[in-house]
Amino acid sequence: MKFLYGVILIALFLTVMTATLSEARCGPCFTTDPQTQAKCSECCGRKGGVCKGPQCICGIQY
């Protein structure tokens, strides 16, 4: 049973790390920079990047 809990914990950890790294590939957003939105969009490959707090979040285009 402990082995199963360990496997689940590792899978959860890897899932969180993958999600974090996929969103963290862009540089930080600074509200004092007038070009922040353009830089965020460029970093996301022109797919609708948005600054949320200190990080740039890339939108998903379907």
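From the backbone N, Cα and C atoms, a Cβ is placed for every residue, glycine too.
Within the set Cys26, Cys29, Cys58, the cysteine that Swiss-Prot bonds to Cys44 via a disulfide is Cys58.
Looking at the candidates Cys43, Cys51, Swiss-Prot gives Cys43 as the cysteine bonded to Cys26 by a disulfide.
Residue density at Cys40 (disulfide bond): 22 other Cβ atoms are found within 10 A of its Cβ, drawing on all protein chains shown. The CA atom of Cys58 (disulfide bond) is located 8 Å away from the CA atom of Cys43 (disulfide bond). Here is what falls inside 10 Å of the CA of Cys29 (disulfide bond) among the disulfide-bonded residues Cys40, Cys43, Cys44, Cys56: Cys40, Cys56.
According to its DSSP assignment, Cys43 (disulfide bond) is helical.
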